[in-house]
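S.K.: Structure below; questions to follow.
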Amino acid sequence: MRVKVISRSADEFTRERSNDLQRVSRNYDPNLRTQEKAVEYVRALNAAKLDKVFARPFIGAMDGHVDAISCMAKNPSHLKGVFSGSMDGDIRLWDIASRKTVCQYPGHQGAVRGLSVSTDGRILVSCGSDCTVRLWRVPLASGIESDDSSDSSDKTLASYVWKNAFWAVDHQWEGNLFATAGGSQVDIWDHNRSQPVNSFGWGNDTVISVRFNPGEPNVLATSSSDRSIAIYDLRTSSAAIKVTMTTKTNSIAWNPMEPMNFTAANENCNCYSYDARKLPEAKCVHKDHVSAVMDIDYSPTGREFVTGSYDRTVRIFQYNGGHSREIYHTKRMQRVFCVKFSCDASYVISGSDDTNLRLWKAKASEQLGVILPRERKKHEYMEAVKNRYKHLPEVKRILRHRHLPKPIYKAGLLRRTMADAEKRKEDRRRAHSAPGSMPRKSIRKNKIIQVIE
Amino acid sequence: MEIQHDVSDELEIKVKKYQRGEAADLESLKDKKLKGQLANKEELFKRSANAAAKAEKWLMQTEEGRLEPEGLEKTWRFNQQSIANEVDVASRKNQFDLVLPDLGPYTLDYTSSGRYMLSAGRKGHLSIIDLHSLKPIKDMQVRETVRDAVFLHNELFFAAAQKKYTYIYNRAGTELHCLKEHGAVLKLQFLKNHFLLSSINKSGHLHYQDITTGQMIGNYRSRLGRSDVLQHNPYNSVLASGHSGGTVRMWKPTSQAPLVEMLCHRGPVTAIAFHPNGHLMATAGMDKKLKIWDLRTYKPVQTLPGLAKSIDFSQKGMLATSTGSFVQVLATSDSQDYGRYMIHTMAKGYQINKVLFRPYEDVLGIGHSSGLSSILIPGSGEPNFDSWVANPYETVKQRREKEVRVLLDKLPPESIMLDPTQIGNLRNSRKKEKPTKEETEAEKEAAVAAAKNVSIKKKTKGRSKPSKVARKKQEGIEQAKRSFVEQNEDGVMKKKQKRVTDTSDLPIALQPFVSRKAT
């Protein structure tokens, strides 16, 4: 006969000294943990509630400008630095960590309309309604310290005067060129030339925004006030393709991880994501704003983008999501004219009519600061269970809920009513017309009038 | 080569334990994207199950107990004395007899880690014993009948069903609450995931009380008279009550009607026990039968003869039964059938009140008319505990942390259901695939067209007159149309008939209660 019974000695399962860690033994047998799914569901619910509790996205406002902020630029080689330009011609460099002005660049006579930084982070290009393009020297990252002297002589590199007022500027991702939009044309400039090296035009209307493609240095997209988006290639003499829509595009952003895709921020409260290779149809329509979308910027991850709107809110969208993931607003924030995602994808900066730059967290309930591995694992687990049970009504309700300012909520309701009415009317028209004479047009196509190549 | 094969087989069995059921069938999916995502997920599940199975070797160090007969020896021939001679000193300490002849019969309960034992004598003797040191933590006399006692979520609190009311005490013996609403309780059960104290009282009322908030969650009448058989299923926290008519009812706290009502015995039910995996239920009745039921089909898988006053399943699936002063332990070998594994006889005249396996030990606790006993049953307990589930070597700090953790994970009473894996799943659509109007219309047209095209045979003179042929064709068309209408009606008729005949599909144990439910 062989007999064996379970026999444990306490020494194996308890610690030897009081400053040792407690011993842990694991057994992953599902029979020991009953009702796993119910427990996970409760954890998901708790995680969703905690998310709401800790959702404090606003970090702080950066005060200093005396007029509305019209444009911003981030420094690709320096994480903390952000440039902002205002309607009174003031350009400032901000240190995001301390939320203070590092230096100012006086010089512009009218509003600053566009700001852009070269890829090496040495040169800042600005343009404005005073018909000048100015190149500035950016202080080195190591030497950044608060310096309030407005002595501009050591900062100015060049100042070029041109025929028309400028609306936007963008620097090439790799290379020495930058493009300005102004009048009815796009001008391509070199750092060292006082006149544009090249000019493109298509039609007579003002070009209002320009953005270089992050993957292909010679490709750029512009939008103009004749409601069109045009894509140019610097190696050819004319535009490659032009789409005309029923609404004006205020700003364009290329997806940095999928450089063939770009998203246009439109006057009709929507954003349209396009594949530059297949223009007759938008890839996705992002709805939620209740007033014109003024600016858009992609996260460096390419998975989401931020938009600022005339309705005084900032929203964050998934690159493929029809509705916003997040909405940010404060009582004091006025019309948002420019937004930027920080280069580490964890902050969002908005500049608005009320002369302030505002700093937001990209994930509203994210914990800032150093997170120890165990805590991070816990966060990851919570995220996973939340994701697993997000379709259940209770969890969904909590995760979706956002407090909206009353005017925006009301405007949203009104917009929905209008859209419903329009749809109803169209349905009735369709029902009373000859079958097939009024084909249904997809929402991704129906704002596009024509595509010219 | 052979050895390698064996190892892979062994691993496969282990992996199966962690896979939690079959993988989803992805072949029928049409959505390619979804299919890809789900396939990735299945791959992940497979990998994690494999990892868990491989880690077993390193994580689960304690060896399982066993009793291996050699030659013609039989396991049930070994008595406690012979086992005691073979095992180590520490395990021998688990064999003991507490002779307390005055205040019995005794009932007992263990904490989920198996470290503490609560014993309650019928005549008011309550005590908590630390089974590691074998020292009593608290010994008290409430001078009142105590019918049952259970630990709450840890060893600090316990509930005792006394003569008139149920009381909650702490470890020091201080009365914390008097639960008057429960009435004169006969049997208590604590659902530790939900923090629900449930009881059945003298008049057959079932109560569920949330002990964190004090809220009474459910109060249901069984209407089947007095019963002192109540047991919860650890797999899904459903309560089962056994009644004098031989029926067993399963309850959840959120519905007045029982979830399941089944006829198990031809006589009063005396005891119920659940296998830890939740698929097997054992019931014992006054009809001198012990039945083991499969809860997925509600059919008995085995019927054994013999009277049993108290039964209990161990963590490894052994079944202990007691009658009079005799304890029998049944176990399964590779086949499904339970067979005799060990027997134990108490001193003559002892009436066993309750048998209960101690978690994470090879020990069976026995409460009887003159005290408490504890015997060794090799191979009954789970050898490896998980510190985050139940830790026998828990320190005070760990206990406090665990209390917070389990309170955060406290389940709502709605999560008690027969199949707990349903949570988070989609409900099956109840609508049957009906042919659309267009489809039926098209079918009808086709049938009519077919009827029109039927060529009619030439018959004898006078029968194939054009008028008759035309009439016949018309009749054929009418027939085709009519059959279509009838078919629809037939469909409805068939459905109605099916509902009536549904009874025959049910297992026999559930049949007597179907007609009553329908009315």
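Each residue's number is its place along the chain shown, starting with 1.
In case you wondered, yes, glycine gets a Cβ from its N, Cα and C as well.
Whatever TrEMBL says is automated annotation, not expert-curated.
Straight out of TrEMBL:
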type	residues	note
DOMAIN	A:362-448	domain 'Sof1-like protein'
REGION	A:421-445	region 'Disordered'
REPEAT	A:62-104	repeat 'WD'
REPEAT	A:105-146	repeat 'WD'
REPEAT	A:200-242	repeat 'WD'
REPEAT	A:286-327	repeat 'WD'
REPEAT	A:329-370	repeat 'WD'
S.K.: Please work out the mean pLDDT for the residues of the repeat 'WD' (A:329-370).
M.R.: 94
S.K.: Using DSSP, how many residues in the region 'Disordered' (A:421-445) fall into helix, strand and coil?
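M.R.: Tallied per class, the region 'Disordered' (A:421-445) gives 12 helix, 0 strand, 13 coil.
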S.K.: Using a Cβ-Cβ cut-off of under 8 Å, list the residues of the same chain that are 6+ residues beyond the ends of the repeat 'WD' (A:200-242) and lie near it.
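M.R.: Sequence-remote neighbours of the repeat 'WD' (A:200-242) are 167-175, 177, 179-186, 188, 248-254, 256, 259-260, 262, 264, 274, 276, 279, 449, 451-453.
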S.K.: Count the residues of the repeat 'WD' (A:200-242) that DSSP assigns to helix (H, G, I), to strand (E, B) and to coil, and report the three numbers in that order.
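M.R.: Tallied per class, the repeat 'WD' (A:200-242) gives 0 helix, 24 strand, 19 coil.
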S.K.: Could you break down the residues of the domain 'Sof1-like protein' (A:362-448) into DSSP helix, strand and coil, giving a count for each?
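M.R.: The counts are 51 helix, 1 strand, 35 coil.
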S.K.: Per DSSP, what is the residue count of the repeat 'WD' (A:62-104) in each of helix, strand and coil?
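M.R.: Result for the repeat 'WD' (A:62-104), in helix, strand, coil order: 0 helix, 24 strand, 19 coil.
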